[in-house]
Amino acid sequence: MLTIRDAPVARNARPGQFVNLYPNDRTAMLPRPFGIAGVHGDEFDLIYQRVGAGTRAFARLSAGDPIDLVGPLGRPYDLTAAGDYLLIGGGLGVPPLISAAQGLAGRGDVRAIALFGYRDARFADGLVGRFADRTLSVSACEGNVITLLDRIEPELEVEATTILSCGPIPMMRAVAAWAGRRSIRSQFSLEERMGCGYGACLACVVDTTDGRLRVCKDGPVFAGGRLEWETAR
C-alpha cells in the first residue's frame, strides 16, 4: 500500500475516482492510473502490485519522498440510493470498493456488503471491514464472487439493491449478467491503460450503448446496462 499526503486530492476525492501517478525515476513516460482506496484527513491510500518498472519504482519510495500525480480524475460511483449495496471486487479491482464502503459508512439508510474474490491471499478483507457492514470473500480454489452472490441472494430485496463492482472483465461480465437477470441496479468501474487521463488521447475508449466513450473522462464508472460486454477487453 502507498499512502500519499496531498490535501487537495484527499479532500476532493469521491469513491470510484482515481489518480494518475508518475514514477519519480521516469522509468516510464506514461502515468499509472490507481483507484483511490480510502481517504483519511489530508492523505489517501493506493494499493498496487509490483508487476513492472513503474510499480517497482513506487515500491522504492521512502516516507517523505515527493511524487508527481494528477487527480482526482473520472466519474465516481453514485451512492445516493438507499438500501443494500453489494461491493463486488476481484484482485486489484478492490481499492475503489474500499473507498465506496467508506463513503457509505455511518449512513442509517444503507447496508454495505463486500464480496471479494482473490487468486490466493485475502489482502483487502481487513481494509474494507473497517467500513462495510459485512465482508465475504473467496479464493480461486473455493469458487468465485458469483458463488457469494448466490449465497446471499435470499436475504436481498431486489428493488432496494445496488451493485458496485470493479475487477477483471470476465468477473464483471458475469456479475452484470447475474444482476441483469434480476433487474438489479449496477455500476461498474473499468480499468484501462491511459495516456493522459483527461480524455484527449482516446487510448482508453470502450464500447457502450451510447457509442465509444472514454474510461478516464466518461468513466471509469458506468451503469451496467450501458456497457457492451461482448467487446469489453
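Glycine is treated like the rest: Cβ placed from N, Cα and C.
What TrEMBL records for 1-79 is domain 'FAD-binding FR-type'.
Classification of Y48 (FAD binding site) by DSSP places it in coil, neither helical nor stranded. Annotation comment: TrEMBL describes I47, Y48, Q49, G54, T55 as FAD binding site.
Of all Cβ atoms in the protein chains displayed, 18 besides its own lie within 10 Å of the Cβ of C196 ([2Fe-2S] cluster binding site). Annotation comment: TrEMBL describes C196, C201, C204, C216 as [2Fe-2S] cluster binding site.
Following the DSSP three-state reduction, the secondary structure of T55 (FAD binding site) is helix.
Cα of I47 (FAD binding site) to Cα of C216 ([2Fe-2S] cluster binding site): a span of 19 Å.
Neighbour counts of Cβ atoms within 10 Å were compared for the binding-site residues I47, C201, C204, C216, and the top value is held by C216. Note: the Cα of Q49 (FAD binding site) and the Cα of C201 ([2Fe-2S] cluster binding site) are spaced 26 Å from each other.
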